[in-house]
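Chemist: Got a structure for you, questions after.
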Amino acid sequence: MLKPKDLCPRAGTRTFLEAMQAGKVHLARFVLDALDRSIIDCRAEQGRTPLMVAVGLPDPAMRSRFVRLLLEQGAAVNLRDERGRTALSLACERGHLDAVQLLVQFSGDPEATDSAGNSPVMWAAACGHGAVLEFLVRSFRRLGLRLDRTNRAGLTALQLAASRGHGTCVQALTGPWGRAAAAAAARGSNSDSPPGHPAPAPSPERRRPSPRRLPRPLLARFARAAGGHGHGHGHGHGHGGELASAGKGSVRYRAQGNERPELGRSMSLALGTMTEEETARLRAGALMARPNSPQSSGSGRWRSQEVLEGAPLALMQAPVGLSPHPEGCPGSGRLGLRRRSTAPDIPSLVGEASGPESGPELENNALPFSVPGPKPWQAGTEAVVLQAQR
């Protein structure tokens, strides 16, 4: 029984080659593992490696198994023997297509020439292996094959095939695949610098565009909006204050100035900056008659409207604003319409206009934001409050 300690590199090489000739794949694998793959590229007769011996095996099944085993274990593909022949050159000479396919898959060179100047393509053309030659030209149709290369006798692969009457080889070399491979090789050779001439200077690279960045005005605008976001709730309560609204397209609004953005009705109510037309429209909506209301008179008009009709002109022209009038508890957040007057003879309507059913809905989208509480009323001041439900 063969043991690993009985093997040396010379004995291991002989045992491995004998296992290949006998078709013993397991024994060959055992020898490679025992010697740590040190004999995988060892030299035998005529300087040939085990891979060169494997491509010449007559049995196709054993040949494929041993060639794949050696290639997967790291055997060198393009090593040469004493005559400069490679494993691919030997496989093309014998016409072993399966071995040629494996060698090309593991980067076998089809243009490696031997001592006579013959390449694997020339060996396949000279020996009449049309299938092998067609596989080579198809595999290298993009990388290119120098089909016009001559050996030391001055013959090309096409001349070698034609001189020996190998029509299939001639057809493979002159067919579309052969022309494509020759054209690709010609393009590659034209791009190379001729001998003795320096390579052309590389063209200057185009300046790469800088990464896309936002314009400076837009960045400054975002910075201002981010800086004013935390101050938008604290300003705008006083009569002469400023309201800074944060967000995209934020603007600064001065209450005492005429230049203000177009605000919605809800925002106008919230800021207390309604125009005279808006105030009149709101007053008309608040005093609209509701016949079924318990607070309406027999004529269908609001009692508050009757009182206002007899009120002095100072009350009718009093400024209209919004205050968080409570519905039973302070700070309920319900926005109401408050009219202030200094006339002592106008009765208070606070008690009559309380409750959720005290008036029509003035605004459906009123803003539920917090506003400061009303100032304490002075002595002798009466108020008329008409609540506007949201």
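Positions of Cβ are set from backbone N, Cα and C atoms, glycine also.
So Swiss-Prot lists the following for this protein:
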REPEAT    46-79  repeat 'ANK 2'
REPEAT    83-112  repeat 'ANK 3'
REPEAT    116-145  repeat 'ANK 4'
REGION    181-213  region 'Disordered'
REGION    226-245  region 'Disordered'
REGION    320-377  region 'Disordered'
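Could you place these features in context, so I can see how deep they sit and what lies close by?
Modeler: Long-range neighbours of the repeat 'ANK 2' (46-79) within the same chain, counting only residues 6 or more positions beyond its ends whose Cβ lies under 8 Å from a Cβ of the stretch, are 13, 16-17, 20-21, 23, 25, 28-29, 32, 37, 39-40, 85-88, 90-91, 94, 96, 98-99, 102-103, 106-109, 112.
Here the repeat 'ANK 3' (83-112) returns a mean pLDDT of 94 for the predicted model.
Note: the repeat 'ANK 4' (116-145) comprises 18 helix, 0 strand, 12 coil (DSSP; helix = H, G, I, strand = E, B).
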Chemist: With helix taken as DSSP H, G or I, strand as E or B and everything else coil, how many residues of the repeat 'ANK 3' (83-112) land in each class?
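Modeler: Computed counts for the repeat 'ANK 3' (83-112) are 17 helix, 0 strand, 13 coil.
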Chemist: On the DSSP side of things, how many residues of the repeat 'ANK 2' (46-79) fall into helix, strand and coil, could you say?
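Modeler: In the repeat 'ANK 2' (46-79), the DSSP-based counts are 20 helix, 0 strand, 14 coil.
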